[in-house]
Amino acid sequence: MSSSKKLAGLRDNFSLLGEKNKILVANRGEIPIRIFRSAHELSMRTIAIYSHEDRLSMHRLKADEAYVIGEEGQYTPVGAYLAMDEIIEIAKKHKVDFIHPGYGFLSENSEFADKVVKAGITWIGPPAEVIDSVGDKVSARHLAARANVPTVPGTPGPIETVQEALDFVNEYGYPVIIKAAFGGGGRGMRVVREGDDVADAFQRATSEARTAFGNGTCFVERFLDKPKHIEVQLLADNHGNVVHLFERDCSVQRRHQKVVEVAPAKTLPREVRDAILTDAVKLAKVCGYRNAGTAEFLVDNQNRHYFIEINPRIQVEHTITEEITGIDIVSAQIQIAAGATLTQLGLLQDKITTRGFSIQCRITTEDPSKNFQPDTGRLEVYRSAGGNGVRLDGGNAYAGATISPHYDSMLVKCSCSGSTYEIVRRKMIRALIEFRIRGVKTNIPFLLTLLTNPVFIEGTYWTTFIDDTPQLFQMVSSQNRAQKLLHYLADLAVNGSSIKGQIGLPKLKSNPSVPHLHDAQGNVINVTKSAPPSGWRQVLLEKGPSEFAKQVRQFNGTLLMDTTWRDAHQSLLATRVRTHDLATIAPTTAHALAGAFALECWGGATFDVAMRFLHEDPWERLRKLRSLVPNIPFQMLLRGANGVAYSSLPDNAIDHFVKQAKDNGVDIFRVFDALNDLEQLKVGVNAVKKAGGVVEATVCYSGDMLQPGKKYNLDYYLEVVEKIVQMGTHILGIKDMAGTMKPAAAKLLIGSLRTRYPDLPIHVHSHDSAGTAVASMTACALAGADVVDVAINSMSGLTSQPSINALLASLEGNIDTGINVEHVRELDAYWAEMRLLYSCFEADLKGPDPEVYQHEIPGGQLTNLLFQAQQLGLGEQWAETKRAYREANYLLGDIVKVTPTSKVVGDLAQFMVSNKLTSDDIRRLANSLDFPDSVMDFFEGLIGQPYGGFPEPLRSDVLRNKRRKLTCRPGLELEPFDLEKIREDLQNRFGDIDECDVASYNMYPRVYEDFQKIRETYGDLSVLPTKNFLAPAEPDEEIEVTIEQGKTLIIKLQAVGDLNKKTGQREVYFELNGELRKIRVADKSQNIQSVAKPKADVHDTHQIGAPMAGVIIEVKVHKGSLVKKGESIAVLSAMKMEMVVSSPADGQVKDVFIKDGESVDASDLLVVLEEETLPPSQKK
């Protein structure tokens, strides 16, 4: 005998209902599953029905049999469940004995109930005539009058015109509520307050009711402010017996749809409760009610109760009544319909009691941060809560389920029960936190905020509590960290790395090992447990910047600054070293280099590259490294009036940025100007002084000052330094960007400065491009420099700084540096491996380039310029590019070359090579050539004023009256940034932001926006090991990712699926902590045309996108239409709810991308406004 026949036999033997035991549920989603469970306990056979769009819905799988409603395309997704005749035909064909309507759809439709009975099938619910007398809210008011139960003032019957609504408003005043006479769930309801558009509200309510319930009839009643919504669960048999199962508090609502329900009501006085329960039973008896239903009341601030309606059906929240009474309401419904009396079921009023409390939360796929906009998509992860006192009633809640825009957004109902309200509240919080739902937005963050609100804790909420409490929307959203990381790893597995500048894969196939340091006795130093030795930062923190500088000057020797964490990897590895690898070695560095003057670790190109290419937050890097290295000062590179940007910014932006840098961990600010323009330099210097940082005002060294006739000679430098000293600086910086300072020049310059300024600390920076930097820095030290820059051996030489070990060897026996040579060697082992890990960013430089004395390309730029030349197809013309760089420099007037001026020279050089132009050609054709923007900016004066002025007539020829000629500091021409407005805009666009976000946006608006998009998609990528950030994972390779202290993800790539030729996607399979996860990724190598509509750019205010997926009911504008801010442009229907899409600004419609009846996805582009018609504040 088959297992199905055995099961059927069991049902026949144990059926409580005899031969009539086949039940069909005319509904979808969660409620059929709930009904099937009770039916199965009664040994019944169950039948599900489903629309074509619901063919993968879970409810059809939970039934013994399931049948589709009609044929594909015959009905709309909602219309299928409203197809009465079709549903009854299915029931008759399959010999159904009972039909249960669930809630919503046809559950309150008397015509359907009548048709079911006439078809010879038992209807589980009140008879049609009772539905007519109570299900219609207007009829319910007549019932209340017969039962002498108070009601809220309202129209005596249904209304058909707007004028009738206006007449009521004129008689009773505002506010009023327009309500659908049929149905519920908050649909077909509109509150109208004074000044609102009554006609529009009436039209929307009737249209929504017609769509949801097939009947657009509405009525109007007085709207009570801040009432409680109390409902009483009723059961009535076919013999006139009625009992109540006590009350539920359903006051926590949004859009008149319940969000959280509590049973019993926590704060309802006993006498009010008793009166409501009595009235509920009285109403049921007067109307001859049968089966399950709910009498609903409002309770005002004076504890007066008003009857609203009887819902002639099972309610979504029946679960919590079951939990506090122990009564299976659905089972009772079925048995009453089969003829059982309440007495036979043991349901006597004096025997029915409550125990404890129960709370139900409806978990939906809605985004609370976007006004509860329904979200659609695929559930990538679904892991539910459980444990003592937790009940789940779900529908299509499983990994892989598709959330459609056609139906209600509820995923699962979570009901928690316990002995006290407070115990249950805490249990619910725990349960919600346990849920893991990924792939769509949910309302869980909102529910958690709601449950912890003091009003909810006290139980004193009211029906508009959510609307009246904006702080409920200050939510802490689920971070979804693991799933976002999987999306990145999946994309990497399918499409490879998209990091700009990466060529090939890392040579190192494992993670670098962290070396051990040893003390003088040979014992291993535990760098994670023992605090690092005190360093120069302790001096700074205790004594302040001035005394710090004084003690640096008094140090008997030459201190070293390690540039490995910034300029070294900028020069050798395209600035691509990640926070992950810096943080890994940071504790060891704090011990090994405890005597160092500073670590250069921030600012300059590292700032924008972190966001632009590494997808990291530079501020998070700074804070993380600061926490790991508390003893060594941090130094950053500040581009004077540019901050860390490439052009001048308003002074208040520089002040704001520097303050954030100081507050988050920067100690010493090397401030420079690319042209040694002292007016530009002063902006940065003053900002550092205001912030309380150490000022290292810096003069940029250019060329070989020993050559006769050079523009930048000793007198020039002495003159610039004198003005810097007058300006006020704690330390003097000398920045030799290209490494052209020869040892003899170093001796002369530093010696001259030391003689003239005996008390001023001098800090020298150079590059080893020519291979002479060790000798030059030795000469500086011997000539009296207080600090020189070096890099760890494996990250030194070529375009980087000189080797720390080579310099230590050169100074050994003559000058103390305070550095332990053995510790440096041990530290170097890590960076030797690290260099291999980042080999895919190495420039193809084989050795020193003494030609630097001719072309003067800065070390940090030389490798980038080589890469750019290769990208532009000029790699084979590298020698020509270097010659062009020298010519370009002289065309521009032989300027100081450091970011951003070095970029100007580089851009002009590449322009010349790619267009085969000589310097003579440039001079001759300047008035007809289209130069790179950076060259135009330079000649305009936006970068500053060069020493000796601009070359004429070239400047005039290049500008050609297209641009002005600035003669003052560019910042003086700029309006201060409105920091408060920027902060507000960023908050609205990106949610939780801080002052560091404002500073980042001020420096690089577009880069910051792109970074935020990446972070929203992939999360914090800085936690990934670099090998797995740059290279696809190997199958079955185990990746450990620590996302916070004590939380480590273990990820394994299982497989990459075949290409889906229709979608162009591949499925990538992972194990995450042993659990299978599947991610879909577009294969970018496939040229598959997408049929998707264009998406609106959320950062472009003249593009209007769909707020959610749904169907366009009405397009209200056309091309050329003039619209006002807030004016409706379209009406969208989704999840049985209508939403008006409004214009964000005044303007004229440029394009319309939709038509009536068209389906759209969330963010699909609907309308574009003419950009020039927008107010200046809203232009992109």
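Cβ from N, Cα, C; glycine included.
Mean pLDDT for the domain 'Biotin carboxylation' (19-471) in this predicted model: 92. Here Swiss-Prot flags 19-471 as domain 'Biotin carboxylation'.
According to Swiss-Prot, the ATP binding site annotation covers K137, E221, H256, on the basis of similarity to another entry. Neighbours of H256 (ATP binding site), defined as other CB atoms within 10 A of its CB across all chains, total 18.
Here Swiss-Prot flags 141-338 as domain 'ATP-grasp', drawing on sequence analysis.
Per Swiss-Prot, active site is recorded for R313. A coil conformation is recorded for R313 (active site) in the three-state DSSP classification, outside any helix or strand. Over all protein chains present, the Cβ of R313 (active site) has 28 other Cβ atoms lying within 10 Å.
Among the features that Swiss-Prot reports, domain 'Pyruvate carboxyltransferase' is placed at 558-825.
Positions annotated as substrate binding site by Swiss-Prot, on the basis of similarity to another entry: R566, D567, A568, H569, Q570, R639, T899. According to DSSP, D567 (substrate binding site) sits within a helical segment.
Per Swiss-Prot, the feature N6-carboxylysine maps to K735; the stated evidence is similarity to another entry. Around the Cβ of K735 (N6-carboxylysine), a 10 Å sphere holds 24 further Cβ atoms from the protein chains shown.
Annotation source Swiss-Prot lists domain 'Biotinyl-binding' at 1095-1170. Taking DSSP states H, G and I as helix and E and B as strand, the domain 'Biotinyl-binding' (1095-1170) has 0 helix, 39 strand, 37 coil.
The N6-biotinyllysine annotation in Swiss-Prot covers K1136, and the record cites similarity to another entry as its basis.
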Over the residue list R566, D567, A568, H569, Q570, R639, T899, recorded for substrate, what is the maximum interresidue Cα distance in Å?
19
Please identify, among the recorded positions E221, H256, R313, K735, the one with the smallest Cα-Cα distance to A568 (substrate binding site).
K735
Only counting partners 6 or more residues apart, tell me which same-chain residues put their Cβ under 8 Å from the Cβ of R566 (substrate binding site).
E600, C601, W602, G603, G604, T606, M636, L637
By CA-CA distance, flag whichever of E221, H256, H569, R639, K735 among the recorded positions is nearest to R313 (active site).
H256
Length of the line joining the Cα atoms of R639 (substrate binding site) and K735 (N6-carboxylysine), in Å:
12
If you count other CB atoms within 10 A of each CB, which of Q570, T899 wins among these binding-site residues?
Q570
Are there any residues in the same chain, six or more apart in sequence, whose C-beta is under 8 angstroms from the C-beta of E221 (ATP binding site), and if so which?
V152, P153, G154, T155, V176, I177, K179
Count the other Cβ atoms sitting within 10 Å of the Cβ of D567 (substrate binding site), across every protein chain shown.
30
Rounded to the nearest angstrom, how far is the Cα of H256 (ATP binding site) from the Cα of Q570 (substrate binding site)?
58
